[in-house]
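Per TrEMBL, the features are as follows:
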- 24-47: transmembrane segment (TRANSMEM)
- 40-289: domain 'G-protein coupled receptors family 1 profile' (DOMAIN)
- 59-78: transmembrane segment (TRANSMEM)
- 90-119: transmembrane segment (TRANSMEM)
- 139-157: transmembrane segment (TRANSMEM)
- 199-225: transmembrane segment (TRANSMEM)
- 237-259: transmembrane segment (TRANSMEM)
- 271-291: transmembrane segment (TRANSMEM)
Amino acid sequence: METNNESSGDFILLGFSDRPRLEMVLFVVNMVFYFLAVTGNSTIIFLSLADLRLHTPMYFFLSNLSLLDLCYTTSSIPQLQVNLCGPWKTISFIGCVVQLFAFLSVGGIECILLSVMAYDRFVAVCKPLHYLTIMHPQLCLKLAAFAWLSGIANSILMSPLTMSLGRCGHRRINHFVCEMPAIIRISCVDTSRVEGLAFFLAIPIVLVPLTMILVSYGYIAAVVLRIKSAAGRRKAFNTCSSHMVVVSLFYSTIIYMYMQPGNVASQDQGKFLTLFYCLVTPTLNPFIYSLRNKDMKAAMLKVLGKDRSLLDTEGTDGAWNSPQVFTHLRTMVNDNNNKLMIVKT
């Protein structure tokens, strides 16, 4: 039985303290990326709420993703910036608990939400005539609620178990954030059960959504490949590849960090991977998903009081993410099939 009180006192986040020069560089870089992430994601949320034309399933899910990205960055980057610019590297026990809970919650929610977004695109491409019927507002709300509740439930289960591990007075966390693998590493008791449970929960939280994403994009690719227009295929694959890049970056870091035992993962790699998916990915998401979209640009011009006709000369690349374009693709495929049937007869 441990005599010290494990539920009080501050933790020391070592972070990048062994590299003083790197700390100064990271402080500046983090400040720039954090500003871009907050600005970009806040813009998506505001425009999606302000413009009635953006009240569609796609932008509803994008708004949820932007909110999650804001939670990601806000739960870790401000604390990291304080530690980088000052001699104090501490975080209170309550602060560490809140940070761990936020990280686990948002990570689980985003995994499931990305699969929901992939399903939305699958319906838009493969069943365009039934898109509005299938993706009705009630279903969208239920899917978003399921993602949020699943991620929060996972965090409610894993956060107390992780923080209750005996640490024998060890409070020096070799990380810049209170993340589960880093906390497990300072434990002085057997952690196999906690790690086993984390691995088991990763199946429905990480692997099942990832499988659904791959299957959805597989069907989308099959439909797009049947389009004879080279320009149409190129535009579609460019859009899908952008989404898959974001999904790949997010899932690769999640799988690497959370599906390996805490004492196996490289600590230095873990720091930079965590910094990447809690700062760089939320910064890139607004530009990849929405800010290059013609509808989003039109909403921005409307808010700024400018003429939407300025977008008329931009072509259709910006609007390639809209369900209407996918419906047009599906119509092209059906027309090609009808022509082939006529030729055969």
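All residue numbers here begin at 1 and follow the chain in the order shown.
Using the three backbone atoms N, Cα and C, a Cβ is placed for every residue, glycine included.
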For the transmembrane segment (139-157), the distant same-chain contacts (Cβ-Cβ under 8 Å, at least six residues beyond its ends) come to 57, 60-61, 64, 100-102, 104-113, 116, 119, 197, 201, 204-205
With the greatest number of Cβ pairs under 8 Å to the transmembrane segment (90-119), the stretch among 24-47, 59-78, 199-225 is 59-78
